[in-house]
Each structure stands twice: as C-alpha cells, then as structure tokens.
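*Asks:* Provided herewith is a single structure, encoded as structure tokens, for subsequent inquiry.
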Amino acid sequence: MKSGREPLIGSPPWTASAGRRRRLAEGTPPPSPCTGGRPRSMTTAPTLSSESGNYYTSRRAHTLTVLFILTCSLVYVTLLEETPQDTAYNTKRGIVASILVFLCFGVTQAKDGPFSRPHPAYWRFWLCVSVVYELFLIFILFQTVHDGRQFMKFIDPKLGVPLPERDYGGNCLIYDPNNKTDPYHNLWDKMDGFVPAHFLGWYIKTLVIRDWWMCMIISVMFEFLEYSLEHQLPNFSECWWDHWIMDVLVCNGFGIYCGMKTLKWLSMKPYKWQGLWNIPTYRGKMKRIAFQFTPYSWVKFEWKPASNLRRWLAVCGIIFVFLLAELNTFYLKFVLWMPPEHYLVLLRLVFFVNVGGVAMREIYDFMDDLKFHKKLGQQAWMVAAITVTEFLIVVKYDPYTITLPLPFYVTQCWILGIVLVLLWTAWRFFIRDITLRYKEIRRQKQEYRPEEETSHVNGGTNSERNFSKQKNL
C-alpha cells in the first residue's frame, strides 16, 4: 500500500479546477505530486464515478439556507419574544447566542481541513469550537484567581467550591488477608468508571497517532510523570500494580492493541464509494450510511523519527505537547475546583477527541512536506495554542503547587533520562554521520590505491605512458 500523503479531500468541489472536476466526473483518482503526476493507487484514493452525481449537493455549504434560518431566528427574538427581566439570564443567553452566530459563520465559511467524512461542515464546526474555547481560556487567564474560580459559578452554580483530591494509593495489597469478607477489596476499589475510560481513550489516541511505538512511549512516559508529580497532586498517587498492570498493560495496552487492529482494517479496506440512491437494496443503503462515518480514504502514518534531525525534533515535540495536554486535564480541574465527573471535564475530553485527529493529520502533512515555508494547519495551530494557554492558567492560578520541588531521586532520574536522550541525539545525527562520512572517504581511498598499483604494473601511470610515447616519437 502506498504510504505517501493522500490529497486533501476536504476542499469543496466548487473551488476545484477544471481538470479535477473532469476527474471527479470520470472517476479517475487525482495525480500524486509524489509520483510525478501519476495517479495514486486505488487503495488510498477511492473511485467517485458513482458518487460524483450527488457530490456537489451533499458537500455544499448551504450558505444562503443557514443565513435565512439565522435571520428568521433573530427576527423572532426581536419582534415576537418578550425579553425577560432577569439580567443574569439575559447575559447568559446573549453570550450563547453570540457563540451560535459565530459557529454558523464558521461552519459555512471556514476553510476545509484534511477530513471530509461524515461531512466537511462537521470538522469546520469543531474548528470554530476550538476558537471559542481558546477565547474562553484567554478570558479566564486575564482574571484574578478568585474571580476566575467564581466565574465558573456563572456556568454551573455548583462550581467555585474547593474540592478534596482523591488518593488512589494507600493500601496496595492485592490480596488483603486481614479482610475476611472481601480480601480483594483494594482491587475492586480501583475498578471504577475510569477503567473503561482509559481503554476507550487509548483506543481513540491510537487512531489519532497511528503508530504503536509512539503510543507506548506516551503511555509509559505518563506513568513516570504520575510517579514524579504525586507530591503535587494526590490524584497521581497510585499503587504500583495500578500503574503498570491495570493502566499500562490492561487498559492502555488493550486499547492500543484494538486501535492497531482497527488501523490495519482501515488500511486494507477498499475505498470505492457509491452514491446512496444508486444502491438497489435497503441493506446496501444502510451499509453505505454506516460507512459515511468512516474515512473517505486512508493514509498510513510513517513518522520515521530517526530518519533526520528535523523529524526527530518534531516527534519529540509532538510527544511533549501530548503529555502536556494530558497533565492539563488533571491540573485544570485541580486549580479551577472541578470534580472529575463534571460535564465540563467530559466535554473537554470530547473536544480533544474530535480536534486531535485533524491536528495530528495536519502535523504529519506539515512534516512530510519538503517545503519549509508551508504553513502549519489551522487546527494544529489552535490545539497547540490551547495547550499552552491551559498550562499558563495552571501556572497563574496555583504557582505554589506547580513549583513544589521534585524529590531528589526523581530529579536524578529525569536528569539521567534527558542526558541519555541528548547523547543519543548527538550520536545519531552528528557523530554517526561524521563517522560514516570518514569511513566512506577511507573506502574510496583504498579503492583508488589498487588502481594506481595496477597501472604501475601495466606500464606506469597515464602521465608516464604519455611521456614515453612522446619520447619515442
């Protein structure tokens, strides 16, 4: 299967060139810039011959329809609805209405991303949600600590109250002989709703990253971070078997395994689409509707971090931002006094699930392109900005917790790990290249010397033979 980058499939057909419109009508896959203009393999670029008839209708932005509905809604609120006298309620409703108007604009007018299934408007919606979320974070960042926490009451009156952090450590005996009624009570206490959440989370992360090694590195690294930061957040304190057996092996490992199996199926699945109304049977129509929520085409991510220094630094940066976003989940709810089961925490996770896949694809395209002047994708830019802003909120709202010094043995372990990574980087991309270049030069010299000796045996060098010829003449 071809492992190069697939064409951007989210671009609307009404902006396509005449050649692309002709290819859509004929069902010919678009030419690949990586193959000198030759068509891509049909395993990665699906046929559109039977779907192109209704492609223009199903992919239209419907700008006039959305504008008409929005205008009717505003006219109804202005002329037919009586405005309530509750100032707080009107303020909330005005903010929500402003956000909805912005989302309507973005869904119809924003630039398409790399994904088009189930519909390009779906991904434009999440792009606009990321803009709204970043603006909300900026607003929280510019408040005082007290005002920012009390502002959360404006969203939910139950918030704005300090909460105790749950400690998952304590008694770490898997089998407790002192408890005659339930000797495995420690194990059952850890089996809460976060166990299936860990599995589902890592299943989705594997679909986003599409690489077994990167997923395992992030999974193990986060457990080391929990070990290192449990003196700051009691929530990070867990038993050893909770870290390495339940999390890394069972929940994360099984989620990564199922994700890789899904990726293998998606890479082998034939992508030949057919229009819904061209399918004769009801079973075929239902199957086509279900496949609308699968990718339009597929590309295998080959990160190749050791291929060159640029890709190595980029992969290290991706892992760092990924781990920082994971830590922000715990620190944000700690500094903003949100319980883990609150719907805002869940909505944030749903948000990152939807924007993470697009951001990772845009980062991969950015790394895979040889043009250094290419711009970073819009969703990747927003995810990076959101992650940094969340961390700045944590630093501002609780600098005492975030600056608690690491234990001495933890500091030694991290220094040793960083030194080993730096030494490997220097050896792989500098010392090794110099050594290989030196060996190549020596090999060329050794091959050149036998040629000189052979020429001496056969009558001297070329210059000596020419001189003897001139002397004889």
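Along the chain as shown, the residues are counted starting at 1.
Each Cβ is built from the backbone N, Cα and C atoms, and glycine gets one as well.
Because TrEMBL annotations are produced automatically, they should be read as predictions rather than curated entries.
According to TrEMBL, the protein has these features:
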type     : residues : note
COMPBIAS : 41-53    : compositional bias 'Polar residues'
COMPBIAS : 456-473  : compositional bias 'Polar residues'
REGION   : 1-53     : region 'Disordered'
REGION   : 449-473  : region 'Disordered'
TRANSMEM : 61-80    : transmembrane segment
TRANSMEM : 92-110   : transmembrane segment
TRANSMEM : 122-142  : transmembrane segment
TRANSMEM : 312-331  : transmembrane segment
TRANSMEM : 343-360  : transmembrane segment
TRANSMEM : 380-397  : transmembrane segment
TRANSMEM : 409-430  : transmembrane segment
*Asks:* Should anything in the same chain at least six residues away from the transmembrane segment (409-430) have a Cβ under 8 Å from its Cβ atoms, list it; otherwise answer none.
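*Replies:* Non-local partners: 227-228, 306, 308-309, 312.
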*Asks:* Give me the stretch from 92-110, 312-331, 343-360 with the greatest number of Cβ pairs under 8 Å to the transmembrane segment (380-397).
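*Replies:* Between the stretches 92-110, 312-331, 343-360, 312-331 has the largest tally.
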*Asks:* Among 61-80, 92-110, 122-142, 312-331, which stretch has the highest count of C-beta pairs below 8 Å with the transmembrane segment (343-360)?
*Replies:* 122-142
*Asks:* Should anything in the same chain at least six residues away from the transmembrane segment (92-110) have a Cβ under 8 Å from its Cβ atoms, list it; otherwise answer none.
*Replies:* 61-63, 66-67, 70, 77, 121, 124-125, 127-129, 131-132, 154
*Asks:* Can you work out which residues elsewhere in the same chain, 6+ from the ends of the transmembrane segment (312-331), have a Cβ less than 8 Å from its Cβ atoms?
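*Replies:* Hits for the transmembrane segment (312-331): 214, 217-218, 221-222, 225, 229, 233, 235-236, 303, 305-306, 345, 348-349, 352, 360, 363, 367, 383-384, 387, 390-391, 394, 398, 402, 425, 428-429.
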